[in-house]
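Enquirer: Sharing the features that Swiss-Prot gives for it:
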- Cys37-Cys42: disulfide bond (DISULFID)
- 20-66: domain 'Gla' (DOMAIN)
- 21-80: topological domain 'Extracellular' (TOPO_DOM)
- 102-218: topological domain 'Cytoplasmic' (TOPO_DOM)
- 81-101: transmembrane segment (TRANSMEM)
Amino acid sequence: MGRVFLTGEKANSVLKRYPRANGFFEEIRQGNIERECKEEFCTFEEAREAFENNEKTKEFWSTYTKAQQGESNRGSDWFQFYLTFPLIFGLFIILLVIFLIWRCFLRNKTRRQTVTEGHIPFPQHLNIITPPPPPDEVFDSSGLSPGFLGYVVGRSDSVSTRLSNCDPPPTYEEATGQVNLQRSETEPHLDPPPEYEDIVNSNSASAIPMVPVVTTIK
């Protein structure tokens, strides 16, 4: 019998029960066999020990096994998804990395070819299409074309000839008719100046006689 059964110390050294994370919650709310079997896997013997009745145990066991089969079927579907999704995602990441490496390698290769050929590629946003100048047009040292200079010179000559052909505007004296008066004032006087007696006599003759006013004081 000693070979079949172990003592308490040896049994505790082999079989140990560790407290669960929700041990404090189990102390507050005492569980039953149904909740424990739903949360964990239990056997028929554990259910019979809990119910202590074969009929109740069989009834519980039939419903419990059916529920376990349904959950296992749903879990198998999700298991396929969990297995294939990481594989597809990892394959997509690998292809993306390979594509980026290939693009970088191709860009460096084209850049090296352009440098060896002596052509420096310009950025695309700086490319400006400019029409080439006509072959017969030659620019002088000032940067202006002869056609433009001829146009400027011809225009200035036409303006100067137009201004030379025009008569100057009349003066103020000519416009107001005071030219003869000004000329007569500037010409030298031929007659001698009048005498003093003539000036006095002419002033006295032109004077108006004044009538004396007599005022009487009362």
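The backbone N, Cα and C atoms fix where each Cβ goes, and this holds for glycine too.
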Enquirer: Can you name the residues of this chain that are 6 or more positions from Cys37 (disulfide bond) yet have a C-beta less than 8 Å from its C-beta?
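Expert: The list for Cys37 (disulfide bond) reads Glu46, Ala47, Tyr64, given in order along the sequence.
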Enquirer: Summarise the model's confidence over the topological domain 'Cytoplasmic' (102-218) as a mean pLDDT value.
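Expert: Mean model confidence (pLDDT) across the topological domain 'Cytoplasmic' (102-218) is 62.
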